[in-house]
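Engineer: One structure, as structure tokens, below. Some questions next.
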Amino acid sequence: MFVLVNLKAYPCDPVAIAEAAADVAETTPATIAVAPQPADIGRVADTGATTYAQHVSPTEHGSHTGSVLAESVADNGAVGTLLNHSEHRRRLADIDGSVAAAERAGLDTVVCANNPAQVAAAAALGPDAVAVEPPALIGTGTPVSQADPDIVSDAVAAAEAVDPSVDVYCGAGITTGEDVVSAGDLGASGVLLASGVAKADDPRAALADLVAPL
């Protein structure tokens with residue numbers, strides 16, 4: 001099971017959360033990754049935690065002011081990146097370019113999608129994984145595996161029909177170990193979450209609870 005904690009732009013301590021993630025990851029067969037703000041990637045990677053970017057741009061070296069260069073992300077210690085999160089939606093052509101940029105830099109890719117149809121389109125771009133996240137459930141604490149389990153199983157089937165090598169994750173409302181187990185039961189091989197850890201009073205305890213049943 002792959003657990004990706006997106007810190008978004010929350011006012012949290014990314015290094016402390018990364019240290020907790022690295023420690024908890026040693027107690028479980030699950031992989032726990034942390035996606036901090038771009039400026040924090042190096043510090044987070046230095047903790048030994050599996051580190052992802054929140055986005056990379058579909059650009060190469062050159063005159064691209066404001067772009068997040070995949071090579072820079074990799075040089076600072078990230079091993080993967082999110083793409084097309086619901087809060088940072090991109091056009092399909094740009095997602096394709098970002099997947100290519102990430103692959104060029106040796107980064108794993110997780111492309112987010114809102115529904116099974118978008119999952120199929122994302123899978124056709126050849127990422128390492130796609131993640132289905134209904135926007136209405138993001139940050140609610142109500143897990144997608146409980147509120148709309150069919151969207152997870154349908155997303156798994158949609159990706160399988162396009163490219164069986166693409167992993168399927170689910171997100172939105174994931175906060176407990178039970179949520180993670182339910183996602184796996186529906187066919188997902190990973191989960192995305194944010195506020196359940198980034199806004200927790202005790203992020204280490206929240207992480208431990210997430211992976212305890214695994």
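Any Cβ shown, glycine's included, is placed from N, Cα and C.
What Swiss-Prot lists as substrate binding site is N6, L7, K8, I138, G173, A194, S195, and the listing cites sequence analysis. Annotation source Swiss-Prot lists active site, electrophile at H85, citing sequence analysis. If you look up Swiss-Prot, you'll see E133 marked as active site, proton acceptor.
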Engineer: Rounded to a whole number, how many Å is the Cα of I138 (substrate binding site) away from the Cα of H85 (active site, electrophile)?
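Structural biologist: Checking the Cα atoms of I138 (substrate binding site) and H85 (active site, electrophile) gives a distance of 11 Å.
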Engineer: Counting across all protein chains shown, how many other Cβ atoms sit within 10 Å of the Cβ of N6 (substrate binding site)?
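Structural biologist: Looking across every protein chain shown, the total is 24.
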Engineer: Which recorded positions are spatial neighbours of the residue listed as 'active site, proton acceptor' here, meaning Cα within 10 Å, out of N6, K8, H85, G173, A194, S195?
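Structural biologist: Qualifying among N6, K8, H85, G173, A194, S195: H85, G173.
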Engineer: Please report the DSSP secondary structure of N6 (substrate binding site), reduced to three states.
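Structural biologist: DSSP call for N6 (substrate binding site): strand.
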Engineer: Report the largest Cα to Cα distance, in Å and rounded to a whole number, among the residues N6, L7, K8, I138, G173, A194, S195 that the record lists as binding substrate.
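Structural biologist: The two farthest binding residues have Cα atoms 15 Å apart.
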Engineer: How big is the gap, in Å, between the Cα of N6 (substrate binding site) and that of the residue listed as 'active site, electrophile', rounded to a whole number?
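Structural biologist: Distance (Cα to Cα, whole Å): 10 Å.
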Engineer: Please determine which of the active-site residues listed here (H85, E133) has the lowest count of neighbouring CB atoms within 10 Å.
Structural biologist: H85
Engineer: Given a separation of at least six residues and a C-beta threshold under 8 Å, show me what packs close to K8 (substrate binding site) in the same chain.
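Structural biologist: Listed in sequence order: Q54, E87, A194, A198.
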Engineer: So if I draw a 10 Å sphere around the Cβ of G173 (substrate binding site), how many other Cβ atoms end up inside it?
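Structural biologist: Excluding its own Cβ, G173 (substrate binding site) sees 25 Cβ atoms within 10 Å.
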Engineer: Would you mind checking how many other C-beta atoms are within 10 angstroms of the C-beta on I138 (substrate binding site)?
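Structural biologist: There are 20 such Cβ atoms around I138 (substrate binding site).
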Engineer: I need the CA-to-CA distance for L7 (substrate binding site) versus H85 (active site, electrophile), whole Å please.
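Structural biologist: H85 (active site, electrophile) has its Cα 12 Å from the Cα of L7 (substrate binding site).
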